[in-house]
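Since the structure comes first, as structure tokens, the remarks are kept for the end.
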Amino acid sequence: MRLLLLLAPLGWLLLAETKGDAKPEDNLLVLTVATKETEGFRRFKRSAQFFNYKIQALGLGEDWPGEAMLAGGGLKVRLLKKALEKHADKENLVILFTDSYDVVFASGPRELLKKFRQARSQVVFSAEELIYPDRRLEAKYPVVSDGKRFLGSGGFIGYAPNLSKLVAEWEGQDSDSDQLFYTKIFLDPEKREQINITLDHRCRIFQNLDGALDEVVLKFEMGQVRARNLAYDTLPVLIHGNGPTKLQLNYLGNYIPRFWTFETGCAVCDEGLRSLKGIGDEALPAVLVGVFIEQPTPFLSLFFQRLLRLHYPQKRLRLFIHNHEQHHKAQVEQFLAEHGDEYQSVKLVGPEVRVANADARNMGADLCRQDRGCTYYFSVDADVALTEPKTLRLLIEQNKNVIAPLMTRHGRLWSNFWGALSADGYYARSEDYVDIVQGRRVGVWNVPYISNIYLIKGSALRAELQETDLFHHSKLDPDMAFCANIRQQDVFMFLTNRHSFGHLLSLDSYQTTHLHNDLWEVFSNPEDWKEKYIHENYTKALAGKMVEMPCPDVYWFPIFTETACDELVEEMEHYGQWSLGDNKDNRIQGGYENVPTIDIHMNQINFEREWHKFLVEYIAPMTEKLYPGYYTRAQFDLAFVVRYKPDEQPSLVPHHDASTFTINIALNRVGVDYEGGGCRFLRYNCSIRAPRKGWTLMHPGRLTHYHEGLPTTKGTRYIAVSFVDP
């Protein structure tokens, strides 16, 4: 019963709004001050239009006095005083005066007027928990038994004649404090009674967030969304992110008014889009792509491949690449040598120049800023796995000044955005963060921090973000400095999770001590490891569509890519410590090998753990499918790469493997890299003489499948072998 009582007011109010919101109340006028049309002002207008409020903006085009909005409220009083001159005698006209940059409407005119009249005063000011700007005035405030005690000048409502009296005595400067002016009037008992002023102590009309963040929560009900004040169990009509609470207003503004609900999802995501349909390649917006390689990064070759796969003509793209790492110098130069001419232009800042991270990012943004033909700046860090080729188009079509696609780390909640900031400006988890990351809430979100990948309009870089040093701010890291500077300019940063764009790489355990370091990334970055090293037709094999049986109980299917084969061979040759191919072998228990080969064991290159992960993830599922009823944990004592050469060890004598089953992966190509070779199963008199590169043979080991390695007659043959479940 208690729950029903709590929910009833919201349902009743929403029902009342839906009946009368089609036309705004004729005796209500909303006045606000906006010297320029910021994104905050456009949000305010959109929420007002949603409820059909009549809005009149005062002061557009005027300069705002004061610094950082700490002063300058006097301009608002002057403009209001002038605007009221033509309304001073309209006794029935109700005027709502409110800030706009950091305000959203949560309900419509009918509810607003009803609550105003219920206040039984001619003028109602918003109320705050904190006194400002003169704390010495606290003792003069009337004592309040229930509710907020102090006046807030960010919003008030009253009859036009009373508001005219309120501002009649204003003769201050534009840079003076409006808050102090209204406070002194309110604290004068005679004027307070004469004008008939009261405060909205219980936040029935106005919700100032400063000092009240813990009181306000989102309330979803009946396909609607409101802000509920838990302290007073009220549903405010206007939400004001005053003082340091603008980011919380951005969070609430993602939902209010009815912009996102559980029933409808995002109701405004398709508003104001910039369609690219039907536009020829030559007419598409010009984009500068900034690529940043700031630390050793795995799968850089995949990064460049994905960049090339973007569904956007290269001739409309310019490249700016900052490579801080000598380790990646050859890869970057190879990419540019092969594909640089495909782009409109290329600028490379390499490790030899020693440009710091923040300075390089400033360079990239400024290249677009200085070029009037640059419509967008697309910044992408090398640890971004951009798997959606349409990402750039999708971001452009969303038509935001600054927007980032959601990227997360595999299997983790780590992402490229923050939903909230702590008091000291660092990460804090918003209520909706997990739902956004995991896709339970889908939309376009106003957030305080983005990183790794984002799109900025060139027009924004030449206007609101024209400051050339975007990536320095106090002692913050470049990513945080960038976001702090954007927030300081009242530019919104948006994040979209409307599509699956890709993911972030984990760089925490990346090694650079090997020839091909990506081979060791199967734990940290399994998706990228699979893309680079597992054969594209492996999933078909797992579905039973590409599995052959050339000999009884010998299965043959694709497992490795060409790259996997080549890099494993090159890694072994780089290590170079091949065994001698005799029976004495100190690498194995007992020191004696019955059937010796010239090989290198996986544990010699510290690859044993990674190889076991490969067996568990990709071989074990095939084993269980091909040998029904057998389950394996893919344990092994021996896993190695064998080298066959005519003048070294051309073949292998008949033998049984010390395994329950064996895999034998061909690492190079017969007829190209070598001639001869293959495997013969003696009991079945069955031979496989043309192994396919990247395909593995899987067969039982001991007891049934007695086999030999056929002679390699020319070149060098490599195979990777594992004796599984010995």
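We count from 1, first residue shown onward.
Backbone N, Cα and C atoms are what each Cβ position is placed from, and that goes for glycine too.
Take the Fe cation site that Swiss-Prot assigns to H655, D657: the candidate from H601, H707 listed for it is H707. Noted from Swiss-Prot: of N162, N196, the annotation N-linked glycosylation site belongs to N196.
Geometry remark: H655 (Fe cation binding site) versus R717 (active site), CA distance 19 Å.
According to DSSP, H655 (Fe cation binding site) sits within a strand segment.
Cα spacing between D657 (Fe cation binding site) and N537 (N-linked glycosylation site): 28 Å, rounded to the nearest whole number. When the recorded positions N196, N537, N685, H707 are ranked by how far their Cα is from the Cα of R717 (active site), H707 comes first.
Distance between Cα atoms for N537 (N-linked glycosylation site) and N196 (N-linked glycosylation site): 79 Å, as a whole number. The two recorded residues, H707 (Fe cation binding site) and N685 (N-linked glycosylation site), show a Cα separation of 9 Å.
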